[in-house]
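Listed in Swiss-Prot for this protein:
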BINDING   HIS14, HIS16, LYS100, ASP248  Zn(2+) 1 binding site
BINDING   HIS16, LEU17, ARG18, ASN42, HIS137, LEU220, HIS252, ALA264  substrate binding site
BINDING   LYS100, HIS137, HIS175  Zn(2+) 2 binding site
MOD_RES   LYS100  N6-carboxylysine
ACT_SITE  ASP248  active site
Amino acid sequence: MSDRLTLLRPDDWHIHLRDGAVLPHTVGDVARTFARAIIMPNLVPPVRTANEAGAYRERILAARPAGSRFEPLMVLYLTDNISPEDIRAAKASGFVYAAKLYPAGATTNSDSGVTSIDNIFPAIEAMAEVGMPLLVHGEVTRSEIDVFDREKRFIDEHMRRVVERFPTLKVVFEHITTSDAAQFVTEAPANVGATITAQHLLYNRNHMLVGGIRPHFYCLPILKRNTHQVALLDAATSGNPKFFLGTDSAPHARHAKEAACGCAGCYTAYAAIEMYAEAFEQRNALDKLEGFASLHGPAFYGLPANTDTITLVREEWTAPESLPFGEQTVVPLRAGEKLRWRLLEKNA
């Protein structure tokens, strides 16, 4: 088994960079590995127009490390009031690549999200017409639905209907967490894809709950049982081009995670490709990592794959206990733990 793994440079098709003073830290971490990333729009206030997306993009570009060519791919936040004209203007901008459906209340800063999918059907129709993908946080949010069942219920109540009603629309079922979602995407038409996070490949709910609550494993959609983890590993390592890398790296300051009511999100951008390599190695599927990380996503979005490469070496290193996050700190996933793969820096 080789101790070096060279891949075409990957992209991250789902990441949260936040805003303001933290951007130099979050942008630096993602730019270390990835050439491009789909930037989540759930700021406060959210990114709802092409102009707001353009302003956020400029702040991200200004935060890039010296010499970095990292490219942020911007996303609109869908609300009940978004119009087809907003969609067309975003497409015409040249820098907005998708629009995001957050069911109201589903996750961090989703209070402005969609209260009924029917409300945005005119906007979705415009997206299908102009070729803009719909990115979906696929969970129902009604309080009577168990948190572990919300993804499956979303498929049954909404996802099938959207895919059937808009047969030409590209749809990304984001951060899937269940065997139900993996099966749905596998059986859906070619215009339906999915991202999978590193944490959902490496962990299940036992890691979060057994022996004490581990808040840094808490994310939404929540970690599920082992059988779902196995199904996600099957999908990610299958070579099926419908499945591609999306970290959903989502930083929160330490005090916001280690709290009586902690925030949802795992910070993985600092070592994401290293974690994916561990997951694929568990399946003896390192030969499938380049497709998942570097080829399937660009193909789905109709973009060229990157031409430069990265190299991972099999070398243990210890993840930092914390990382700078503006004036605060963020505790990354795997803090203080050993990782088995290390990204070889260009000057190494």
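Cβ atoms are placed via backbone N, Cα and C, with glycine included.
This view paints the features noted in Swiss-Prot onto the structure.
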{"residue": "HIS14", "record": "Zn(2+) 1 binding site", "Cβ contacts under 8 Å, 6 or more apart": "ILE38, MET40, LEU135, GLU174, HIS175, THR195, THR197, GLY246, THR247, ASP248"}
{"residue": "HIS16", "record": "Zn(2+) 1 binding site", "Cβ contacts under 8 Å, 6 or more apart": "THR26, ILE39, MET40, ASN42, THR108, ASP248, SER249, ALA250, PRO251, GLY265"}
{"residue": "LEU17", "record": "substrate binding site", "Cβ contacts under 8 Å, 6 or more apart": "LEU23, THR26, VAL27, VAL30, ALA37, ILE39, MET40, ILE60, PRO72"}
{"residue": "ARG18", "record": "substrate binding site", "Cβ contacts under 8 Å, 6 or more apart": "THR26, LEU43, PRO251"}
{"residue": "LYS100", "record": "Zn(2+) 1 binding site", "Cβ contacts under 8 Å, 6 or more apart": "MET40, PRO41, ASN42, VAL75, LEU76, TYR77, LEU78, LEU135, VAL136, HIS137"}
{"residue": "HIS252", "record": "substrate binding site", "Cβ contacts under 8 Å, 6 or more apart": "THR108, GLY262, CYS263, GLY265, TYR267, VAL330"}
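Of all the binding-site residues listed here (LEU220, ALA264), it is ALA264 whose C-beta has the fewest other C-beta atoms within 10 angstroms. For the recorded site, HIS16 (Zn(2+) 1 binding site), the DSSP three-state label reads coil. HIS175 (Zn(2+) 2 binding site) is surrounded by 26 other CB atoms, counting those within 10 A of its CB over all protein chains shown.
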